[in-house]
């Protein structure tokens with residue numbers, strides 16, 4: 001008798017994706033982040049569901065309902081902080097996952113990569129609308145500032161902003177629709193993630209060398225299931241350390257003040273995971289230019305396959321490209337730091353230099369370096 005997991009229509013899908021999947025024998029821990037992102041998404045959907053049971057999306061009661069969750073609901077505080085810090089863990093895994101893709105040339109799987117970029121945008125949109133829901137000062141002003149950026153679009157900008165707001169300012173209608181978006185988007189993310197996986201399994205995984213590994217495959221289970229479980233345990237450990245010992249470490253103190261349209265906070269800034277893009281936005285004095293730079297900073301990922309000039313797929317055997325990659329990482333960390341600083345000298349200048357460096361490395365220096373490395377291979 002054939003095993004049920006290989007014959008049953010539903011079990012067969014699971015089997016081919018997580019059990020009998022042929023995987024390269026040499027993929028490192030950098031390949032753990034896909035499964036970690038899946039765990040993050042499940043965790044966020046579950047904690048979010050329980051929060052939604054007690055949350056009210058009305059400007060008069062939203063802030064109080066979050067306070068009520070923390071004070072009166074059984075284990076409400078841990079659910080709330082797991083959800084808030086879970087978002088941070090989600091983005092840490094996302095950035096490392098994208099970084100792995102850049103380093104090892106995984107972007108040559110075009111469909112997988114492009115759906116990944118769409119996923120990144122969707123997760124960022126979800127995090128943004130979610131940040132508005134507690135209706136604190138930073139929620140309100142963050143929503144006002146970021147939605148206002150759309151007014152930079154010529155001709156239709158102002159109408160578009162008012163259409164998104166549902167009025168002439170961020171108000172009750174805005175909060176209600178943002179809650180609706182925040183509830184639906186994670187399910188869209190889950191669907192996109194399945195398509196992401198579908199396209200990945202058409203080609204099979206890349207590996208650190210960037211060399212086809214068809215001659216040397218091992219079954220996903222037990223080798224990579226046990227490896228993923230280790231990653232998941234480390235993820236949950238770090239998340240719970242954050243939640244139980246420093247729940248407000250990554251948050252903004254201003255968000256413990258209820259939203260007040262008459263009082264602007266001295267420094268409006270988004271959550272830490274958007275600071276690099278925020279720094280790029282602020283480093284251009286022109287509004288439309290800033291918005292274009294902001295969008296380009298993420299959209300540039302779609303160009304990665306076109307900018308790949310190397311004869312080798314991975315950076316494993318390309319020391320010059322490796323140097324550039326780590327300079328890019330340092331540059332992004334610099335931008336993240338600048339995004340959280342006030343708009344004054346010397347931060348403005350540092351931000352502008354870091355922003356120019358970001359685009360210069362990706363668009364100019366990396367392709368040139370790859371071409372030089374190709375020529376060095378002839379020696």
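Cβ from N, Cα, C; glycine included.
These figures come from a predicted structure and were not determined experimentally.
The annotation transmembrane segment is assigned in Swiss-Prot to 33-53, 77-98, 113-133, 178-198, 226-246, 288-308, 320-340, 347-367 on the grounds of similarity to another entry. Residues or ranges marked as heme b b562 binding site in Swiss-Prot: 83, 182. The heme b b566 binding site annotation in Swiss-Prot covers 97, 196. Residues or ranges marked as ubiquinone binding site by Swiss-Prot on the basis of similarity to another entry: 201.
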Spatially closest candidate among 83, 97, 182, the listed binding-site residues, to the residue listed as 'ubiquinone binding site' (Cα to Cα): 97
Lowest local Cβ density among 83, 97, 196, 201, which the record lists as binding-site residues, within 10 Å: 201
Alpha-carbon spacing, residue 182 (heme b b562 binding site) to residue 97 (heme b b566 binding site), which is rounded to whole Å: 23
Distance [Cα-Cα, Å, rounded] between residue 196 (heme b b566 binding site) and residue 83 (heme b b562 binding site): 24
Proximity of the transmembrane segment (77-98) to the transmembrane segment (226-246), 3+ C-beta pairs under 8 angstroms: yes
Interface present between the transmembrane segment (113-133) and the transmembrane segment (226-246) (three or more C-beta pairs under 8 A): no
Positions whose Cβ lies under 8 angstroms from the transmembrane segment (113-133), at least six residues beyond its ends: 55, 57, 62, 66, 87, 90-91, 94, 98, 101, 106-107, 139-140, 142-143, 146, 170, 174-175, 178-179, 181-182, 185-186, 188-189, 192-193, 195-196, 199, 270-271, 273-274, 298-299, 301-302, 304-305
Cβ neighbours of residue 182 (heme b b562 binding site) where a neighbour is any other Cβ within 10 Å: 22
